[in-house]
């Protein structure tokens, strides 16, 4: 038997172990599979980060190219391990602060152009049925989300009610799509068992 | 200082990003942005053991204190050590490493995820009832999408796929845009609160 | 008959029936025709309209779970790109465990078939921690710096001829194709790369996300987008190269029909119990 065939048999056993949950809920086979998954994923994460990121940054950037200024971010990164030392947890927050500041700054600097395009694109020429529906749904959906306004009468009442119905259409279509997505994933597993391993399907 | 320093760092870093983005400071803007991005990347790389150390601590204490199901924790630790050694010796793209990752870990991962398919179906069966107007609209929209997106829809009722496409691209798209606009405003406000130090839950000192 | 019981059928029976309905068409395909949606056509045309020899950035940002939906898209885009002698720079920023290996597997099989060489016509740069926004921003002007100078196997980028031609996204890449299951995904590529540079962005998403991105196609921020296995099947049909996408369509049909039948049964049971009450 080739390595590929052994691989497919192993894969099939793994799928069955995971799917045993469907029949009996939390059971030894499933729990075993779950723990194996976490262990291998962690091991791979360590090895992959070392091979493709840590090693080149240290050996090439710092040692070979002499970019020793990278020691500063390296130290910032290492500070996160202060989390494990009682009384010094606050030091780890400095690293987190650096990352959070960077993320928040980028969100404020880069998100508005994407978001504003969405706003501008909503004010379209009302020259077709689709455009009218589109405009009405956007506006009424926003009315529905305006929780600080009183919506017990007038245009806001009926507008937000229409918005609510429109959102139900959106959620329904999302659910329909999601069902299809997950069925495709089951099909993927079945193809491994019946096509790749058992060769019952062409 | 323990409370103020992280907030100051957040403010300064965010301000630095925005100033270099919005003001034309010549080549400095680009160089500074690139350097900061490199710093973020390098600092994240050096912090990569945070998760693994946490995991080992948790499971080691399970084994040590013989908590319920400690055997699985022991298995996890043994597999973790063995696979780490294999992956360093064989290389991350070696035959054995890829076998372990692709034929074991990925298969378990995708099988667990695919189980959601069964739950989505049973949830639909148990909860999608024509109880009121909203629930009926939700149900009808979902059914049209399900029929329209699979080829069988057109075979049963002609043009179902066209109707499904219309629902997806007009009312669904507009509804999602409404949600997205609301969420973006919220995210914008949240970012400002974090930068100004009004949102401090991440520091563990309360908001 | 006690109709009320129809809403309390053991779900394990539902599971078995779904499994059978997904299995039967694998053994005996029905071959139902798949109509092509406007969104898929837009993706096809966005790539088709590129001049021969262009450079396409393909980011297979998938996890293990959604990979069966998205893998056929990667084969299909590689096929279309190589037919036009386009070059591919591939990355995968969502998950280090599956992304790089799957990208390699799916592009390599098409490349071998079409006589394209690794390092000359395409390259796989793999995964990096903290892709969004730091790495994405670095990629704009210096791919080598962002990817720490190595490909997915840790081989130095200097030795590959393709990397002598493609130094940055800003100057050397013509289109970005992204598969998406979460973050980083199309949203990050749009915000940090495509919008600031005005580069065309297209790709495919798991159907779990598909309904939530339609508004970006309408505003032109996405040049069409493929939706799950169905999108991949449509794309394969446009390319006249049937693959795993089309193969799954019959099973999908029967699966959906089963869910709808169970929905109807559940509702019959619900109305029977309401009438009785």
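Any Cβ shown, glycine's included, is placed from N, Cα and C.
Since this is a predicted model, take the numbers as computed values, not measurements.
Taken from TrEMBL, the feature transmembrane segment covers B:7-26 (among others).
Residues of the same chain lying 6 or more positions beyond the ends of the transmembrane segment (B:38-58) and with a Cβ under 8 Å from any Cβ of it are 73, 76-77, 80. The transmembrane segment annotation in TrEMBL covers B:38-58 (among others).
Among the features that TrEMBL reports, transmembrane segment is placed at B:70-88 (among others).
Among the features that TrEMBL reports, transmembrane segment is placed at B:108-125 (among others).
Feature annotation from TrEMBL assigns transmembrane segment to B:137-157 (among others).
Annotation source TrEMBL lists transmembrane segment at B:177-196 (among others). Residues 10-11, 14-15, 202 of the same chain lie 6+ residues outside the transmembrane segment (B:177-196) yet bring a C-beta within less than 8 angstroms of a C-beta in it.
Listed by sequence, the residues of this chain that lie at least six past the ends of the transmembrane segment (B:70-88) yet keep a Cβ under 8 A from its Cβ atoms are 52, 55-56, 58-60, 62-63, 94, 96-97, 100.
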